[in-house]
Amino acid sequence: MEVFYFLVFGGLAAVVAALELSKTSKDRINTSTAFTSFKNNYLLVYSLMMAGDWLQGPYVYYLYSQYGYGKGDIGQLFIAGFGSSMLFGTIVGSLADKQGRKRACVTYCITYILSCITKHSPQYKILMLGRILGGIATSLLFSAFESWLVAEHNKRGFEQQWLSLTFSKAIFLGNGLIAILSGLFGNVLVDTLGLGPVAPFDAAACFLAIGMAIILSSWTENYGDPSESKDLLMQFKGAAVAIASDEKIALLGAIQSLFEGSMYTFVFLWTPALSPNEEEIPHGFIFATFMLASMLGSSIASRLMARSSTRVESYMQIVFTISSASLLLPTVINFLVAPSDVKGGSISFKGCIQLLGFCTFEACVGIFWPSIMKMRSQYIPEEARSTIMNFFRIPLNIFVCIVLYNVNAFPITVMFGMCSIFLFVATLLQRRLMMISESQRSRPQDWKERDTEAESLNI
């Protein structure tokens with residue numbers, strides 16, 4: 001069965017390489033030298049930020065267990081992280097619109113570096129503080145950087161279509177290649193060099209510090225609504241009104257929460273799904289395979305978004321449908337294939353089929369990220385971009401906290417079935433978003449035709 005892992009990884013690598021090397025002029029966007037320099041600077045910073053995040057991920061649970069904490073205590077630490085992101089992260093992230101997006105990005109670096117430093121202490125209260133700081137940093141990572149990019153892109157007068165190129169490359173590198181390299185580098189630090197489970201956190205702090213230095217030296221500040229008359233409460237009220245008054249923004253927030261909620265639930269479930277009888281599976285290698293599948297998705301997304309005739313709102317319906325089917329696979333297989341009672345050993349046939357389905361879901365994740373970024377840049381108003389984006393994360397964090405708290409209360413097949421339903425609902429909402437978008441696009445043309453008819457009658 002070990003050969004199976006290499007076949008899947010090699011197959012995905014070959015497809016990704018083929019897609020990247022076979023791009024034609026239709027699949028590429030012609031840009032300017034100034035934009036290329038701007039894009040490369042952002043990609044360098046974003047890659048360093050994601051390296052700081054990915055290095056920590058595989059070792060958080062392991063570090064807590066090495067300090068002697070059990071599953072219940074560790075679960076509370078994770079819930080504290082998501083709760084902090086929902087509460088404090090929403091407030092801090094929203095301040096980016098008023099106080100400046102560059103300043104918010106620097107705050108992310110400082111907050112996450114402090115979170116990494118807390119990992120040196122085995123005291124539970126210190127570790128809890130680290131999780132709270134990490135939750136705040138996560139909110140900033142997924143709002144401040146994108147908000148700065150969109151505003152700076154528009155301020156410099158670059159074409160709107162070029163933004164999709166930066167989004168797709170950021171996901172290809174930051175959520176794909178950097179994730180794989182971070183996993184390998186972390187493995188070298190902990191296992192090969194024997195520096196212990198805290199070493200990846202120290203390395204992450206170094207990458208974050210380098211990224212912060214680049215931000216401070218090369219980025220300019222931009223704001224959403226810098227008016228002194230608006231306090232934080234007014235910002236929240238304005239964001240809530242924008243979401244309530246514009247169905248497109250509300251739909252986008254619901255779609256994002258449903259997909260990301262399912263995605264984070266998948267992160268908790270894929271290990272027990274592939275090894276229900278304590279089968280020996282190479283977690284690090286499987287994680288790298290998932291990231292390669294995500295790179296495949298972002299490569300597909302870059303091709304789709306490079307073509308002006310292809311609309312994000314249209315193809316994302318297909319993506320959500322496929323992702324729904326892929327997470328329904330464990331539930332379906334449980335009924336079709338009899339469960340094994342044999343403990344240990346290598347991955348089962350059922351596990352192999354599920355792994356292929358999970359790789360399909362990760363490819364959908366790779367398409368989702370640049371596509372949702374593109375839609376957010378189109379529909380979310382600039383003056384409240386960070387605030388609204390952090391509003392979107394509130395239901396997501398509530399959902400993940402509930403799942404974490406009840407992860408042992410439901411069978412794993414029920415959890416996957418629930419995620420599949422959520423993704424199917426996202427498909428329906430995406431369909432609604434496309435219909436509204438299409439109707440609003442055709443409306444100006446209708447008025448133009450009416451004006452032409454009126455002019456001909458006057459003649």
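For all residues, glycine too, the Cβ spot is worked out from N, Cα and C.
Note that TrEMBL annotation is computational and uncurated.
The transmembrane segment annotation in TrEMBL covers 6-22 (among others). Only residues 6 or more beyond the boundaries of the transmembrane segment (6-22), in the same chain, are considered here, and those with a CB under 8 A from a CB of the stretch are 285, 288-289, 292-293, 295-296, 299-300, 303, 355-356, 359.
Under the heading transmembrane segment, TrEMBL lists 43-62 (among others).
The transmembrane segment feature in TrEMBL is assigned to 74-96 (among others). Listed as Cβ neighbours of the transmembrane segment (74-96) (distance under 8 Å, sequence separation of 6 or more from its ends, same chain) are residues 61, 64-65, 103-104, 107, 127-128, 131-140, 143-144, 147, 224, 232, 235-236, 239, 386-387, 389-391, 393-394, 397-398, 400-401, 404-405, 407.
Sequence annotations record features per position, and here TrEMBL assigns transmembrane segment to 129-150 (among others). The list of residues near the transmembrane segment (129-150) in space but at least 6 beyond its ends in sequence, with Cβ under 8 angstroms from a Cβ of it, reads 42, 45-46, 49, 53, 77-78, 80-86, 88-90, 92-93, 96-97, 101-102, 104-105, 107-108, 111-112, 114-119, 163, 166, 219, 222, 224, 373, 376-377, 382, 385-386, 389-390, 393.
Sequence annotations record features per position, and here TrEMBL assigns transmembrane segment to 170-189 (among others).
A Cβ distance under 8 Å defines the sequence-distant neighbours of the transmembrane segment (201-219), meaning residues of its chain 6+ beyond its ends; these are 41, 44-45, 48-49, 51-53, 55-56, 59, 63, 102, 105-106, 109-110, 112-113, 116-117, 119, 148, 152, 185-186, 189. The transmembrane segment annotation in TrEMBL covers 201-219 (among others).
Here TrEMBL flags 285-306 (among others) as transmembrane segment.
The annotation transmembrane segment is assigned in TrEMBL to 318-336 (among others). Listed by sequence, the residues of this chain that lie at least six past the ends of the transmembrane segment (318-336) yet keep a Cβ under 8 A from its Cβ atoms are 255, 259, 262, 266, 273, 350, 353-354, 357-358, 360-361, 364-365, 367-368, 371, 412-414, 416-417, 419-421, 423-424, 426-427, 430.
The transmembrane segment annotation in TrEMBL covers 348-369 (among others). Sequence-remote contacts of a segment are chain residues at least 6 beyond its ends whose Cβ falls under 8 Å from one of its Cβ atoms, and for the transmembrane segment (348-369) they are 1, 4, 8, 12, 167, 171-172, 175-176, 259, 263, 266, 270, 273-275, 277, 279, 281, 286, 289-291, 293-301, 304, 316, 319-320, 322-323, 326-327, 329-330, 333, 337, 339-340.
Per TrEMBL, transmembrane segment is recorded for 413-433 (among others).
Packing against the transmembrane segment (413-433) from elsewhere in the chain are residues 248, 251-252, 254-255, 258-259, 261-262, 265-266, 269, 273, 313, 316-317, 320-321, 323-325, 327-331, 334, 375, 403, 407: each is 6 or more residues past its ends and has a CB under 8 Å from a CB in it.
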